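Notes to accompany the following structure.
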Amino acid sequence: MGVVSGFILSSVIVTLAYLFGILIFLKDHEVNRCEMTYMYEYPQFVHIKLDTDHRFRKYGLYAYSEGRFTYNARNMKFTGIPILFIPGNAGSYRQVRSLASVCLRKSLDDRSGFHFDFFAVNLNNEFSGLNGALLQEQTEYVNKSVYQILELYPKTRPKNIVLFGHSMGGVIARGLLTVLDNSIVPLIITLAAPHSRPPLMLDSYMLDYYHRIRTVNKAVNSTIVSLSGGYNDYLITPFITTARYLDSLHVFSPSVPLVWLPMDHLCILWCKQLVLVIARGLFDAVDFNTKQMSHDPEFLRAVFYHHLVNNNGIKIRKSIQSSHLTQSVMFARGRSEWIENLQKQYTISLAHGVQQMQYHMLRILGDTDYRYLTIVALNVDVVEWVFACSATQLQEQRRICSDGIHLSHFTEIWPSIRYRRKLLKLDTQELKRHYTELTHVIVRLLPTSKPVVIQIDRYFEPDRKLTVKTPSWFSFQRQLLLNQTHEKSLYYEIIMPQLTHVIQVYKVYVDLIKCSSKVHHATASLKVPWGNQNTHKHFTEEDIHPFQIRLHNSRPINGVNESASLQLTLDPLCQYSVSIRYDILGSMGQIARIYTPLLLPNIVAVLLLTFRNQILGIEATGRCSMFFKVAQFGIKPYYLLPMVKLVSRGLSCKRLSNSWVAPDWHVITEEGNDFLLLPLILYMSSVGIVWSAALVLSISLIFYEATFHKLACKILARTMMGSEKLSGWVLSVLHKLPGIVAIMLVLLSITTCGGLSLCIGCIFYFLKLTQMSQDYIEQLVVTVLKYFARQFRRNPTSDVSQNTHEDDTQKEGSSPQTEEGAEIENKVENLVAMDNSSSEESKVESDQTDEKSIENRNQMEESRVVNCDDIFFHFSIFMMWCIMAGLSVPSVLTWAHNFKYSTMLQPDPSFVPGLLLSICALPLWHMDLPKTEICGYSYLGQILTLLVGVTLIYSSVFLHRLNYIITSVIVLVTCHQMLASKYEFSDDSDINDSTTTGPETETSSSDVKAKLE
């Protein structure tokens, strides 16, 4: 077996690729083009007292106001429509000022007769996104605040309130529906709120809270509007902001009309373009009769769908109250100009504006080759600008229309960086079928000094609507979609049925072939029929970079049958070539963005498998193998991952999922994020991470022991002792008496926070390992020196014996003998030689036996001296302890953040793991482990194998279960080392062993003889 196996090398390569994907993910963001909101007067926050303030000392309720309006707020005089802002994870109540200030100015400018009163709760900037135990307490306080706000208004006023939440504040707003009457909250607006599940499910309190709001919210009548910032938001993955179990309106900011921008997690609160859209929606959602927020869910949904999804520029009330297809409009008979152009494709360019009203007539043709009509209007500010009519009247020898019907509600406000664009796509044959008398489509231009451009394109749909097969993963070349666009063409649609998964990333190139103008503008838009997740890219003479297309949500399993499409709005003065290429680096970034939290359970599984093989090795060989040696062959996933996948599929069926806990992979599959190689990629990346972390830890233990010891002394001196000498002495005492530390950890768990004891225990465990490693190195050096000393002593003795033998031979050869005496002497010498040879042979054999016994004894002593089973054993447990400490960091942060209010964290998600591991630390740090003479290692190995499967099946998404799995492992190992019985041998086996091991008996007797000598 080589130093590093092929599987480990492959895993390290996959890990490096994954880390490169993380770098791509961290750099994957668009330039922030949001404008900052501002206030005309200094913002004021007026504190409002609650009867329950003594219970919730950490929290507070405030009313927002500006300038002269602060007087009414301080006197508790409120006459508007109440809106309550709920901040999110580590958020501030002051974040309400952007929307509140814009709504205040809009009410003053519009003179609408009503206004909004904004309130905000101060939730102490707590980490509610990391600690689910805070959510219930915050929900209770916000519930009390809602009723207190309603008490501020006259009793004759309608009792309702709008909830506005950011991040976890949006989840709390949904949680209020479990305790509030639905009629009190007609509308909830959330920004970047993880409605589906939190990014990290770190405790059971979070799971219970989501389960409760999911079951209750199915029957609510409140309208929920959810907005997400897209891929600029690093904290919240886009797909978890969709409430899959709730009938809500969910929109991504890049697809919102008049916004079209991605936003990060905080920018979404103050981005002026988005804040203005939300403010318009709020004002349009008010019932003019009651001057309160409407209670009609269909009306509220229609209002925000209009502003956030399909804004055609028409006032929403006019669009809802009247049917534009049946409503006719009378055309002006005064000073106006009627122009009809029979060309199929042309552009009307009015650089100096319009002097008098113009009506441009587009004849409805019966030819199916020109059935479809696309019109793009640039810089046309009027709302009603396109109509259909029947040209039956004569004026100056030309036919004109006296009246017509509206088509403006079919238009879309189209993204653009130059002027404001409106787009109309029309099937003239379908329009003719409903209204047979229609003859023309009319574009009306009102007088203006601004430049106006109208672009017209008639075409046959199959020529402009293409269905293509997108490139595969391993295709690195561009695939040509359009060799050259038609001359004067304005619109193309490219359908991509294979674009269904969030990890798919493509780059679309729109290359300019020729153009009759130096200034040109083209727009590529990715239209996704599910999830309101459209994105856009502009191609100009200054920006020719490719358009990166990807999905925010995968295609639903039982969702729509339509496919995503790429819509191109081109400059009719230019011709383009369109190609596409698969972006493998973009896919690596997407995998890192979406699946990185899933690495942690795989890392735990790798550690458990490695520890399992160490346990089994103790029973088989009596030694605990090195971490790296066991990881060479004991963690290959060839049987594990397929079995986990099959079991997950079996447990995901409806019959079992209703009566049993559904596996985590069922959640990933429902989200549409599963794919074939995902488990293998995650597992191999985790192997590389564990291998690298173990290597770094080993180097730190060997080479940086003194550095860590000095650092620990300095920290201890600054925090508690005051002297480095005293702190060093205390550390040496604690190393010799680790039970004191374990007892202190138990007390910390009970009196403060379980996570704090885990973190401190992790630091002490590391220092203990450094001490063990230094003792091991010292013993190793001594053993090596003894070995060389023995070798040095052995060589001179052999030289002396060899020289003595040569001298004796020379003397015998030089002794004189007579012939007669020589014969007699030869006979005698032969007899003596026979005697001496037998005695010398026996003496040589005994000497060789003595040398072998001495060598065996020396080797046994060396093995006893250099034995490092304890280091290898504690090394694996320490790595598991480190993961436990990392999982408990949110609890420690919460405890430290609220320390001035309470020295004990209640409730504490880390209490049970912290207490149990602190208790286990007492025997773990005191006993000589592992015990090789006890039985039961095979059963312990089987339990660890089972826990590995449970980790991968039930802890991939719900990470809090890892706490209990790792705690169970350490508790089981500790109990096994303390309570397991030793091996017992029968008398018969001892006799058989004595009769079958003759050489061993001789060796032992020679050892005894050597000791006696």
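Quick reminder: no glycine exception, Cβ is built from N, Cα and C everywhere.
Just so you know, TrEMBL annotations are computer predictions that nobody has curated.
Of the given residue ranges 6-26, 258-278, TrEMBL assigns the label transmembrane segment to 6-26. Between the transmembrane segment (740-767) and the transmembrane segment (937-956), fewer than three CB pairs separated by 6 or more residues in sequence fall under 8 Å, so the two stretches do not touch. Only pairs six or more apart in sequence are counted, and the transmembrane segment (909-925) with the transmembrane segment (871-889) gives three or more Cβ pairs under 8 Å, enough to call it a contact. Beyond the ends of the transmembrane segment (871-889), by six or more residues, the same chain brings 202, 600, 603-604, 607-608, 610-611, 614, 624-627, 690, 693-694, 697-698, 754-755, 758-759, 761-762, 765-766, 768-769, 772-773, 776, 910, 913-914, 917, 924, 929-930, 959-960, 962-963, 966-967, 969-970, 973 to within a C-beta distance below 8 angstroms of the stretch.
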